[in-house]
Amino acid sequence: MAAFAHTVGAQTYRFDSLKDVMAKASPARSGDFLAGVAALNDGERVAAQMALADIPLSHFLQEALIPYETDEVTRLIIDSHDKQAFAVVSHLTVGGFRDWLLSDAADEQSLRALAPGLTPEMVAAVSKIMRVQDLVLVAQKIRVVTKFRGTLGLRGRLSTRLQPNHPTDEPAGIAASILDGLLYGNGDAMIGINPATDSIASICAMLEMLDAIIQRYDIPTQACVLTHVTTSIEAINRGVPLDLVFQSIAGTEAANASFGINLNILQEGYDAGLSLNRGTLGQNLMYFETGQGSALSANAHHGVDQQTCETRAYAVARHFKPFLVNTVVGFIGPEYLYNGKQIIRAGLEDHFCGKLLGVPMGCDICYTNHAEADQDDMDTLLTLLGVAGINFIMGIPGSDDIMLNYQTTSFHDALYARQTLGLKPAPEFEQWLANMGIFTQADGKVRFGNNLPPAFRQALAQLG
Amino acid sequence: MEKPPVDPQNPWLELRRLTPARIALGRTGTSLPTRAQLDFQYAHAQARDAVHLPFDHAGISTQLHERGRDSLLLHSAAVDRNSYLQRPDLGRKLSDASAQTLREHAQAHPGGVDLAIVVADGLSALAVHRHTLPFLTRLEEQMSADGWSSAPVILVEQGRVAIGDEIGQLLGAKMVVMLIGERPGLSSPDSLGLYFTYNPKVGLTDAFRNCISNVRLEGLSYGMAAHRLLYLMREACRRQLSGVNLKDEAQVQTLESETGADMKGNFLLDQSKS
């Protein structure tokens, strides 16, 4: 373990280890204070950033933040590191890497080639010395395209997960939210339900229902019920139609253990999903959710700052070629991200770090009622992530998740991003929307059809 | 027969009766109409106000006194709401002064009790103000019928769930139940949660607790919540444990039977395929 020192004027700052520099260089957030790893004051924070900027990227391959011997995520990171891909930046310091990322040398092609050569710790480190505009500008250069029944992540596109949650999993209530979302043009990333009850019978019934809806209306999207990976495996064993295999993941072995998973279990889930061969355009089928603070909340952070722990989760994710990864940024609460400013910065960091590692990032742009945040903060983060080229966001009726009791982006919010930034849905879904007469988009502007689509008019007529 | 014409901006309004979700809000351009926008802002304001509403412990203490019940006011180690929100560890333990107060109380009243009742503001003092008295009335009716003993009601400012275990331990209580304001949802600013521990002591995790959630007028009734808690108390005493190994069997069975059977049917799928 190396000790680092940095002198500014008359003052010398000392740091015990790479882990210590990283934590103290992190822009201030409540979770790092809670963990007791944050800088003592603003001066120490910037000094740590200066010290970090001088550390060679190659040092990150020498000093593991969490020991190789005791953590399978560290082993995955080190064992899968691509030295050849790394060569192009191997001579740089963290500060030099920031300059390189912002330069013309870093473009869509070179960044794609570089991704397997980067470790999460390198990526987290550089993000700590970047401003919001840097995080947006570099992320905007990167595209991570994935396919299942639709093509996600193309330039100029923004997809939405239609999240039709219901407090008691009532099928008609779920269906009502699904139709509402489809009629507002949402749902191309997936129709994904957080179930209120975790019984296998109920999960299977929801999967059957989503499959039937997608088939009946020929919607080029994919279904997901967000249950534990072992429950998804069980559903697959029972012959239930399942598109995307979900799991919450974190950046340390111990945090993953608290979720009841490890890399082997994820592999089993991935293999089970692949065995169904349900993707028509591709076989990216894992759907992961993450969020800063999850390792700390499981007391499994090993003294590593929460943003670095989060970035390590993306190394877990990319190993399974996921369809989408979603950082649920403001869900965890103010003890990890206190206010709108911290949530906004964290969302942009996560998106940047994930993309740089080659992960198809989305963001649940969200907050809870005990955080110092509101709709204005979410509008800001949505706009910034739209500019940064995010793959997908959530879409929920009126921003109000009545099952999980938090606020995320609404169907209308996605339309706002389309109008202001000219972002279109996935091409297959765009075509479906046009065929159904829901809306078309030309020169950025969204033009809704004048009438309800006949198929849905018929469905509504059932209600009498 | 021709149906009445539907609102052209909101042609699927009738779906609203199927879910409490904010569906069929209409649109102006592609944006939220003013009414829906302000309704949302008001709901959020209510939830925020619930989080920051000071705990009126004096009011609850007076009400308890009128019913012949003593109470004792304690404070967690979180000095104010901002520190409470950012430092959950501080909300989980008593301040030094409060721990001392409780120790002195326990010394003056030796012998322990069956159930320690703890009331904490949590994330919604509103929930605690609204539901403490009516719920305790129902609970204590049933408790006295069963012959359980109880200590003064402990009121805690800036408290989190785990602080109940420290209190129960200091009181020498066989069991503790914590009444605490839950994190407010947009449409539920006043939801009360009940957390139950058998043999409470400092350092227990959630795995050793049972939770009865969503006690409010639109949610779980006082009577049903009291019934479930009494069931947990009896089973906990019989099996000498609480938490994940003591599931609320009655509840589990109901949930299992309610789901799974008739899940596939809904208006998007039921239509005749003509």
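The chain as shown is numbered from 1 upward.
Using N, Cα and C of the backbone, Cβ positions are placed for all residues, glycine too.
Annotated features in TrEMBL:
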type	residues	note
BINDING	A:R161, A:L162, A:Q163, A:N194, A:E289, A:D364	substrate binding site
BINDING	A:P195, A:Q247, A:S297, A:M403	adenosylcob(III)alamin binding site
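Annotated features taken from TrEMBL, shown on the structure.
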| residue | record | Cβ neighbours (10 Å) |
| --- | --- | --- |
| A:R161 | substrate binding site | 28 |
| A:L162 | substrate binding site | 28 |
| A:Q163 | substrate binding site | 29 |
| A:N194 | substrate binding site | 18 |
| A:P195 | adenosylcob(III)alamin binding site | 20 |
| A:Q247 | adenosylcob(III)alamin binding site | 26 |
| A:E289 | substrate binding site | 22 |
| A:S297 | adenosylcob(III)alamin binding site | 20 |
| A:D364 | substrate binding site | 24 |
| A:M403 | adenosylcob(III)alamin binding site | 22 |
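DSSP classifies A:S297 (adenosylcob(III)alamin binding site) as helix under the three-state reduction. Following the DSSP three-state reduction, the secondary structure of A:N194 (substrate binding site) is coil. A separation of roughly 26 Å, to the nearest angstrom, links the Cα atoms of A:R161 (substrate binding site) and A:S297 (adenosylcob(III)alamin binding site). A:Q163 (substrate binding site) sits 25 Å from A:S297 (adenosylcob(III)alamin binding site), taking the C-alpha atoms as the reference points. For the substrate site listed in the record, the two most distant Cα atoms among A:R161, A:L162, A:Q163, A:N194, A:E289, A:D364 lie 15 Å apart. For A:Q247 (adenosylcob(III)alamin binding site), the binding-site residues whose C-alpha atoms fall inside a 10 Å radius of its own C-alpha are A:E289, out of A:L162, A:N194, A:E289, A:D364.
Distance between Cα atoms for A:L162 (substrate binding site) and A:P195 (adenosylcob(III)alamin binding site): 14 Å, as a whole number.
Recorded residues A:M403 (adenosylcob(III)alamin binding site) and A:D364 (substrate binding site) have their alpha carbons 15 Å apart, per Cα-Cα distance. In this record, adenosylcob(III)alamin is bound by A:P195, A:Q247, A:S297, A:M403; the longest C-alpha to C-alpha distance in that set is 22 Å. Taking only the Cα positions, the spacing between A:S297 (adenosylcob(III)alamin binding site) and A:E289 (substrate binding site) is 15 angstrom.
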